[in-house]
């Protein structure tokens, strides 16, 4: 009986070590993701500050020749590198929703660092929603980090192949490819330029991106630790899929930015990308396999709080008002007059102005043509012209 107790104790010690190692890895991955998202927000604010500073001065330098822009670029690389490494330590269900921290820190930095202000009458409404969004985002982040999946495995090449050839993953990829092809058909052939369709394409590609990023990052970390994984073919396949999905994601996002407001894109893209990333982690890496119902429900509640918080944060951002003037010519003074939505706006004659499209001014009555009452009659003008001919000959 005494001999049989030792294997039980050994098994318990192995399980506790595995749980402890998994908890430590999750903590490292979560901290790296938080640090990376905050760093990316700071870098974007610095780069925006560089653009705003150049636009407000007579400096003719290009933006990439300034020190502040390059400082922001270096911080962006460091932040994205931290996000990349975090996938090797923490599950996708923990790392993907943490992008809400980037939106939260960008809103705070935009208020403090860039001094973005609003009118006094809109202050309570705008910043009230922002404050509520901050509370929901912070509370949701705590919930899904505290109750998120705690399972983590070392992603060796054999483990990645084992996950990849499983029938749930193959079925998931088949459904994803069919959905992507249908959405792409409606987008390209039917000209369905709806925001949801474009961002669904981005989210479907994003699910492939997070799957491949986690595999590539995990194999790179194991290689640095001394266990070579780069000579396996699955590493090359994952790396190529990762680069291709990122490139096509950027193309679809750029097309969405040309058609819709960036604040709306940020909130909808965060929600769709997070949902597809969590589903991809649950199907491909079986991250919720050993979780109970309570933890899953609390994780979903925290994610819902983050979705609502990001929506409120992006909704309260100040949107640029589109100015579409049209020009009429004031025939009395000979000066063009600009009309914006029925309001007459007279430009300063000392400064240049871009007038936009030349459209008829239907809202303002046409100016009468000036009549010169002192014009000489036709006969007198003809006689004056005849008298001036000899003078020309003399000259």
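Just so it is clear, glycine is given a Cβ too, placed from its N, Cα and C backbone atoms.
No curator has checked TrEMBL annotations; they are predicted automatically.
Marked as transmembrane segment by TrEMBL: 27-47 (among others).
Note on the transmembrane segment (68-90): residues 25-26, 28-30, 32-33, 35-40, 42-47, 49-51, 53, 152, 155, 210, 213-214, 217-218, 220-221 of its chain, located 6 or more positions outside it, place their CB under 8 angstroms from a CB of the stretch. According to TrEMBL, the transmembrane segment annotation covers 68-90 (among others).
The transmembrane segment annotation in TrEMBL covers 96-114 (among others).
As annotated by TrEMBL, transmembrane segment applies to 126-145 (among others).
Under the heading transmembrane segment, TrEMBL lists 165-187 (among others). Counting only same-chain residues 6+ beyond the ends of the transmembrane segment (165-187), those with a CB under 8 A from a CB of the stretch are 193, 197-198, 200-201, 204-205, 207-208, 279-280, 283-284.
The transmembrane segment annotation in TrEMBL covers 194-213 (among others).
The transmembrane segment feature in TrEMBL is assigned to 233-252 (among others).
What TrEMBL lists as transmembrane segment is 264-287 (among others).
If you look up TrEMBL, you'll see 293-313 (among others) marked as transmembrane segment.
Taken from TrEMBL, the feature region 'Disordered' covers 370-395.
A Cβ distance under 8 Å defines the sequence-distant neighbours of the transmembrane segment (264-287), meaning residues of its chain 6+ beyond its ends; these are 91-93, 96-97, 99-100, 103, 149, 151, 153, 163-164, 168-169, 172, 195-196, 199-200, 202-204, 206-208, 210-211, 214, 253, 256-257, 303, 306-307, 310-311, 313-315.
Among 96-114, 126-145, 194-213, 233-252, 126-145 has the largest number of CB pairs under 8 A with the transmembrane segment (293-313). Among residues of the same chain six or more beyond the transmembrane segment (126-145), those with a C-beta under 8 A of the stretch's C-beta atoms are 30, 93-94, 97-98, 100-101, 103-104, 107-108, 111, 118, 298-299, 301-313, 315-316, 318.
Away from its own ends, the transmembrane segment (27-47) comes close to residues 68-69, 71-76, 78-83, 85-91, 94-95, 98-99, 101-102, 105-106, 109-110, 113-114, 145, 152 of its chain (Cβ-Cβ under 8 Å, at least six residues beyond either end).
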